[in-house]
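What follows is a single structure, written as structure tokens, with notes after it.
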Amino acid sequence: MPNASSWSVSSPLLLLWEDSSGTRIFLSLLYAVLAISGTLSNVMVIYLVFSFKKLQTTSNAFIVNGCAADLSVCALWMPQEAVLGLLPPNSSSLRSAEYRLLRGGLLGLGLTVSLASHLLVAFNRYVLITKLPSVYQALYQRRHTGCMIGLSWALALLPVPLLPGLWTLGSAQSDGSSRYTALLLALAVLGQTALLLHCYLGIVRRVRGSAKRVSVLNFHLLHQLPFPAAPPPPRRAQRRLSSVSVLLLCCVFLLGTQPLVWVSLLGFFLRPAPPALQAASWLLLCSLSALNPLLYTWRSEEFRRAARGHRPPGSRAAPAPV
């Protein structure tokens, strides 16, 4: 029977060596479901954005960037984990250092770009709703948007070599360098989360403030004022972020990212968390890749209308009957 260290280093599912075959089969099926649902949802969002001109906005460009990153996790990484989880612990595929490097690279690249895209979307919406239109247009020109997307992928390539040693339990408990890598990852995700919450809470405050101003003054009297009225509320087509949807998005994001953050901090400053808890925290983080498309499209009337339309791009509406 292999020891705990050798099994955890080679395990693609972050399982304990004493876990039963039933547990490994269950997690493999879970990865398979996440892979299929995540691949379909990410591909659907990318297809809709490229097929319908009304969806080709700057904010949706960042969403498509995140979907492309999530595809590397859902379509490339998760299926391998689902298959490898069914193999015996002494399989040669699990012990191959090159293959572990490839899987770790796919996971690290996808998750890093996906988390960066979350922040890009949040900051884009924050500037769109809380700043003047001239500021938004100057900041989000086509060239600047392309540079932001390219920078997210360039920065994601830097820590890729560190990921294979980071996401294995055995090295995280015994190797000092991996503990520091886990600490850096936790601090990076914690900082990204703080910025994201700042953006979305700023949006909620702005939307509530606009609603209060309109409720205090009769809307038809605003045009009769002898001085310029307050800035109008954000355009409805692009400001459908209600407080409930924003809070739900933030809660799902926190549920997916924070367990790994605090498990990593606990392991660095106090003592390593139970391996099952570490595995669960990584699984929650990876599941975000399948949930992200739904988080950003379920409240969008444009996406729902495009999904119901199923009209080929460039087709014209049928003439009304005489």
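Glycine is treated like the rest: Cβ placed from N, Cα and C.
In TrEMBL, annotation is done automatically, which means it is predicted and not curated.
If you check TrEMBL, you get these features:
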- 41-296: domain 'G-protein coupled receptors family 1 profile' (DOMAIN)
- 25-50: transmembrane segment (TRANSMEM)
- 62-80: transmembrane segment (TRANSMEM)
- 100-123: transmembrane segment (TRANSMEM)
- 144-162: transmembrane segment (TRANSMEM)
- 182-203: transmembrane segment (TRANSMEM)
- 244-270: transmembrane segment (TRANSMEM)
- 276-298: transmembrane segment (TRANSMEM)
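Against the transmembrane segment (276-298), stretch 244-270 shows more Cβ pairs under 8 Å than any other of 62-80, 182-203, 244-270. Cβ atoms under 8 Å from those of the transmembrane segment (182-203) belong to residues 115-116, 118-119, 122-123, 125-126, 129-130, 159, 166, 172, 241, 246, 249-250, 253-254, 257-258, 260-262, 264-265, 267-268 of the same chain, restricted to positions at least 6 beyond its ends. Long-range contacts of the transmembrane segment (244-270) within the same chain: residues 115, 118, 172-173, 179-180, 182-183, 185-186, 189-190, 193, 196-197, 200, 203-204, 277-278, 280-282, 284-285, 287-288, 291, 295-296, 298-299, each at least 6 residues beyond the stretch ends and with a Cβ under 8 Å from a Cβ of the stretch. Averaged over the domain 'G-protein coupled receptors family 1 profile' (41-296), the predicted model has a pLDDT of 78.
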